[in-house]
Amino acid sequence: MVEGLDSLPLTVGALVGGCMTAVGLSAIVGFQVFLYFQLFTQDTLLYKCLVAWIWIIDTGHTFAICTMIWQYAVVNYNNPAKLLEIVSAYPVHIIMTVIATLNANAFYTWRLHKMSKSNWWLTGPLCLLCLARTILGLFVATEMLRSNTRTWEHIHAHFEIGEVTSWTISATTDIVISLARYYYLRDLKQGYMPTQEMVDAVVIFTVNDGLLTCAIVITLVTCFFSMKKNFVWIALFMTLAKLFSNSILTTLNLRNWYRHRHRPMGILLTRHIATRDTVHSHKSTQFSTHDDIRHIPATVEVFVDKEVEYAVGRYN
């Protein structure tokens, strides 16, 4: 193996594993995009453009990481020393990850702004955190593209502070957003019982989603410092953009989850209708003095399609 790097499984193997995981998550993004356009045909143009934009960024990110693996594992298969260098697809991957992160953070900050009745004391700092994360990420990626010395050693020497700071800001933003969403979603857990069940599911997803991305970032930073001679941290980094994209799409599609979870409620209404039979004489047309009364049940089925949307009313 190349001097200065760990064994093949922890370098090329980690890159391939991270890429395969990211591509699998990208497939889920594609499915969620398809599901959204099938279920929410009446959504506003803003939401539709957001979903389309998420898919475009996700596709660009997938293309960047696959190109990176192609350059390392195929084009330079007989040139292991190439693993010491940074291919141009890696900074592009950073840019796509920064945009995907901004998409998620801005989306949730906007929703929190509406849920909190324009509480700038909450959303203002969140906007600053999003802006700082974006600027740092774009700065690091741009400097990598402009640098004449593209080696991993050069990254740890010159871009370590910038990358770690941006990751730390990202984790902090995730935690604050998750806690704030949980706080404001508690107000919806009053009244109609099925609505409470749906909000419970949304709350669970909100907390778990924030904890997942935060845990990935913390693990990423830990590996970045403790495993500098392999690419495990890059493998983790590859999945971040996919998690953020799936997070937004799941939040949007979850509005329709409860609607199709249960079948419509059927209410059976039954009443009896009396019909009078008449007997006609073969000689003259007369009503019979004897009435034959039969009771025929008439059934009317009334179906109520209950439609519940996440963040209803004043929260939308």
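From the backbone N, Cα and C atoms, a Cβ is placed for every residue, glycine too.
Automatic, uncurated: that is what TrEMBL annotation is.
Feature annotation from TrEMBL assigns domain 'DUF6534' to 170-256. Taken from TrEMBL, the feature transmembrane segment covers 12-37, 49-70, 90-108, 120-141, 161-180, 201-227, 233-254.
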The transmembrane segment (12-37) in contact with the transmembrane segment (233-254), cutoff 8 A, at least 3 CB pairs, sep 6+: yes
Cβ-based contact of the transmembrane segment (233-254) with the transmembrane segment (49-70), 3 or more pairs under 8 Å: yes
Cβ pairs under 8 Å between the transmembrane segment (161-180) and the transmembrane segment (90-108), at least three: yes
